[in-house]
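Undergrad: Grabbed the feature section from Swiss-Prot, which reads as follows:
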SIGNAL    1-23  signal peptide
DISULFID  Cys28-Cys172  disulfide bond
DISULFID  Cys50-Cys106  disulfide bond
CARBOHYD  Asn185  N-linked glycosylation site
CARBOHYD  Asn197  N-linked glycosylation site
CARBOHYD  Asn206  N-linked glycosylation site
COMPBIAS  233-245  compositional bias 'Polar residues'
REGION    233-259  region 'Disordered'
CARBOHYD  Asn234  N-linked glycosylation site
CARBOHYD  Asn255  N-linked glycosylation site
REGION    292-352  region 'Disordered'
COMPBIAS  311-327  compositional bias 'Pro residues'
CARBOHYD  Asn332  N-linked glycosylation site
CARBOHYD  Asn347  N-linked glycosylation site
Amino acid sequence: MELTELLLVVMLLLTARLDPCLPAPPACDPRLLNKMLRDSHVLHSRLSQCPDIYPLSTPVLLPAVDFSLGEWKTQKEQTKAQDVWGAVALLLDGVLAARGQLGPSCLSSLLGQLSGQVRLLLGALQGLLGTQLPPQGRTTTHKDPNAIFLSFQQLLRGKVRFLLLVAGPTLCAKQSQPTTAVPTNTSLFLTLRKLPNRTSGLLETNSSISARTTGSGLLKRLQGFRAKIPGLLNQTSRSLNQTPGHLSRTHGPLNGTHGLLPGLSLTALGAPDIPPGTSDMDALPPNLWPRYSPSPIHPPPGQYTLFSPLPTSPTPQNPLQPPPPDPSATANSTSPLLIAAHPHFQNLSQEE
């Protein structure tokens with residue numbers, strides 16, 4: 001008996017016993033008959049490859065597989081079932097009897113495989129027909145081993161095939177009648193139908209949570225960025241407003257005025273002489289001091305730079321506007337900014 005056939009028998013038996021919810025027995029599946037027809041043909045073709053085939057010493061009893069179709073149609077379903085059941089059971093007995101007469105050989109191995117196929121057919125018919133009392137049908141005796149394999153093929157193509165095609169649908173319908181008890185597969189099916197809804201709800205919840213989390217974080221970032229925009233604009237405007245004032249506060253020694261008052265000198269303003277090393281800002285009257293708050297970034301007295309760095313104070317500062325020139329003073333045609341930037345112009349101014 002081959003391993004595949006043994007596994008098929010075990011599968012059929014477990015299916016019929018452990019799962020009572022399956023309505024149709026294995027014999028109702030047409031693939032089973034087709035498989036057995038192919039296997040019987042392959043097994044009979046292997047018989048020609050055995051070198052030691054001899055007639056049996058004792059003839060074996062085999063069922064008569066020939067029948068009349070007209071007579072078969074007139075019989076009842078119960079009679080047909082008993083006839084087929086009896087023929088298969090008698091064939092199994094003949095195969096076992098023929099194998100018992102042989103020792104280990106190629107023919108004995110093939111007869112062992114044939115007995116496995118006959119048992120498989122008998123088990124499938126038992127699941128469909130139940131246990132039947134075999135009637136006293138027609139029998140034949142044979143010594144030729146080839147007749148045993150041919151009897152099985154003719155039985156499958158004849159009586160078994162007509163029984164499954166004609167009476168099979170009616171017998172399978174009786175086996176599939178619903179019972180009052182609710183099968184377990186139904187409850188399992190209902191449970192599985194509910195699972196997609198729960199899964200979709202869970203996915204929707206997770207998506208909404210992630211959307212809310214992402215939306216709130218993005219909103220906070222936008223609000224923070226929006227709050228920073230006015231401050232950046234204010235700083236930019238302050239920097240632009242402070243630029244003229246810083247340009248006008250050029251720290252260059254020009255007649256002691258740092259370029260604030262063009263063409264004026266401390267003598268014309270009535271200020272005392274400034275000793276060397278002192279700051280010119282201290283010598284100016286209070287009404288001429290520049291209107292900006294002192295910053296730690298301004299250089300100490302006596303040290304001058306061309307352009308002072310931009311202040312870092314966040315408070316807005318008014319641009320430095322010089323007071324109008326004194327009409328009594330003579331206006332200098334040279335710009336104090338250019339004089340402070342170029343020492344050559346400073347020398348020319350002093351010479352004048």
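Placed from the backbone N, Cα and C atoms, the Cβ positions cover glycine too.
A description of the local structural setting of each listed feature is requested, covering burial, neighbours and distances.
TA: Reduced to three states, the DSSP call for Cys28 (disulfide bond) is helix.
Long-range C-beta contacts of Cys50 (disulfide bond), restricted to its own chain and to partners at least six residues apart, with a cutoff below 8 Å, comprise Ser105, Cys106, Leu107, Leu110.
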